[in-house]
Amino acid sequence: MALTTMTDAPKGAGPSGARHVAIIMDGNGRWAQMRGRPRLLGHHAGAKRIREIVEACPDLGVKYLTIFAFSTENWKRTQSEVAGLMSLFRRYIQREAQDLFRRGVRVRFIGDRIKLDPKLVQLMDDLELLTSGNDRVHLTIALNYGGRDEVTRAAKRLAYEIEMGRLTHKDVDAETLARFLDTHVLPDPDLVIRTSGEARISNFLLWQSAYAEYEFIDTLWPDFTAGEFARIVQGFAARDRRYGGVKAKA
Ligand code: FPP
């Protein structure tokens, strides 16, 4: 096997497998509209897909799965769609909590909780606590999450530490800033998948995905299966990742 000269692979990136996969679960609305049904039905169908994908992770060597459930920009949707999504998140946590716990899934949430309903935040906190001893799969749900918002919040906290005299400007480097990100305990994603045919990243894990591989697929999220997930993850192993370095002769 060829060796690479790069020595600065992002923290946690596996030598060939996708240890951390992040997914932009897009296409719920179109899936429902194609069936002449309300968009919210597509979100409900989308929520039902999550369990199968989480369950597929251990056999594929995927230890970390991060899913984009609601962005800082999604508040621009109609009031009824936003309310429907918030209610879906509450019901999802209530319905799935015990099952996630029993299946050894550790759940974390990233994003700004300030704008979320306190009852939802309580459910999120409880689920994080309930599953905090699990280690089979680490599922991170991005809820009211935006990459720019996350980096801005991190910069603000870093500035506060400097103001308090606990850090100085000389301490500011990429590693220090990353310690203030919501994802500070997670490795960077190796692979980012977006469903539904759109080829954009929509403010998802901007900092963390600097060296991620991207896979844009046409399948709408409610039609995404463990089989397709497995094909993509297995295909990832064949990619040549150099992190800005060059490939050395074998
Ligand atoms: C994008 O599809 C999807 C969302 C904004 C919501 C994602 C939510 C889920 C998959 C279900 C709930 C998740 C959890 C964690 C319970 P879209 O509505 O933009 O689709 P469109 O592009 O076809 O309109």
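The backbone N, Cα and C atoms fix where each Cβ goes, and this holds for glycine too.
Any TrEMBL annotation is an automated prediction that lacks curation.
Feature annotations, courtesy of TrEMBL:
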type	residues	note
ACT_SITE	ASP26	active site
ACT_SITE	ASN74	active site, proton acceptor
BINDING	ASP26, GLU213	Mg(2+) binding site
BINDING	27-31, ARG39, HIS43, 71-73, TRP75, ARG77, ARG194, 200-202	substrate binding site
Legend entry - Which recorded positions sit within 10 Å of the residue listed as 'active site' - Cα, from ASN74, TRP75, ARG194, ILE201: ARG194
Legend entry - In sequence order, those recorded positions of ASP26, ASN74, GLU213 whose CB lies under 6 Å from ligand 1: ASP26, ASN74
Legend entry - ILE201 (substrate binding site) CB neighbourhood, other CB atoms within 10 A: 18
Inset, instruction - Give the distance between the Cα atoms of the residue listed as 'active site, proton acceptor' and GLY29 (substrate binding site), rounded to the nearest whole Å. - result: 13
Inset, instruction - Count the Cβ atoms, other than its own, that fall within 10 Å of the Cβ of GLY27 (substrate binding site), considering every protein chain shown. - result: 24
Legend entry - Protein Cβ atoms within 10 Å of HIS43 (substrate binding site), excluding its own: 24
Legend entry - Tertiary neighbours of GLU213 (Mg(2+) binding site) (same chain, Cβ under 8 Å, six or more apart): ASP190, LEU191, VAL192, PHE236, ARG239, ARG241
Inset, instruction - Indicate whether ILE201 (substrate binding site) is helix, strand or coil by DSSP. - result: coil
Legend entry - Most Cβ neighbours inside 10 Å, all chains, among the binding-site residues TRP31, TRP75: TRP31
Legend entry - Cβ-Cβ distance under 8 Å to ARG194 (substrate binding site), same chain, at least six residues away: ILE23, ILE24, ASP26, ARG200, ILE201, TYR214, GLU215, PHE216, ILE217
